[in-house]
């Protein structure tokens with residue numbers, strides 16, 4: 001009985017440990033360029049025939065040195081994400097990259113990446129950044145200047161804000177997944193389709209249902225900016 005109990009505990013701890021460090025699967029070969037046209041559905045993408053792979057599969061003229069337009073965004077930012085969908089050579093490599101442009105007083109609003117840790121480097125300007133832990137929700141925030149680096153742990157709500165009224169900012173982010181995903185909190189809560197019941201949200205936010213209806217209307221009318 002003692003031996004079987006020990007085996008069960010050891011197996012349970014091994015399972016917990018494997019889940020705790022789980023992220024994108026480790027590659028089982030040098031590379032696995034995604035075959036975006038394969039009808040086969042797997043967790044990720046099927047590998048392109050290695051004999052058909054060329055140097056171009058590991059290259060993308062992404063123009064990440066070029067400024068992006070932030071004027072069309074209601075929050076004053078523009079995220080240019082390069083993940084496996086735009087760059088098939090990233091398949092199985094567990095990494096992606098993004099350029100974020102911020103207008104003066106613009107922000108990348110509170111959001112999460114369910115599958116990735118993010119490391120952010122400020123290239124130009126100043127950013128106020130931070131993340132919030134799981135309950136009881138402690139905020140870790142910092143003002144960053146050019147050359148500074150900040151890390152946002154996987155799955156935690158985080159944000160970036162340009163506090164300067166007359167100067168834009170630019171940052172580059174590295175993410176620890178070929179497809180990190182993003183959940184923008186306000187969009188998800190007030191702009192889901194179909195909408196979350198205003199009874200539910202009014203109770204959660206402790207406000208009148210009319211306030212919730214007004215907030216939902218902002219996101220529906222603007223088509224999830």
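Residue numbers in this text run from 1 along the chain shown.
Positions of Cβ are set from backbone N, Cα and C atoms, glycine also.
Marked as signal peptide by TrEMBL: 1-22. According to TrEMBL, the feature disulfide bond maps to 32-47. The domain 'Cupin type-1' annotation in TrEMBL covers 62-213. Per TrEMBL, oxalate binding site is recorded for 108, 113, 118. As annotated by TrEMBL, Mn(2+) binding site applies to 111, 113, 118, 158.
If you compare Cα positions, residue 118 (oxalate binding site) sits closest to 111 out of the recorded positions 32, 47, 111. The Cβ of residue 108 (oxalate binding site) has 27 neighbouring Cβ atoms from other residues within 10 Å, across all protein chains displayed. Between the C-alpha atoms of residue 158 (Mn(2+) binding site) and residue 108 (oxalate binding site), the distance comes to 9 Å. Residue 113 (oxalate binding site) sits 23 Å from residue 32 (disulfide bond), taking the Cα positions as reference. Residue 32 (disulfide bond) and residue 111 (Mn(2+) binding site) are 30 Å apart (CA-CA, integer value). Between the alpha carbons (Cα) of residue 47 (disulfide bond) and residue 108 (oxalate binding site) lies a span of roughly 34 Å.
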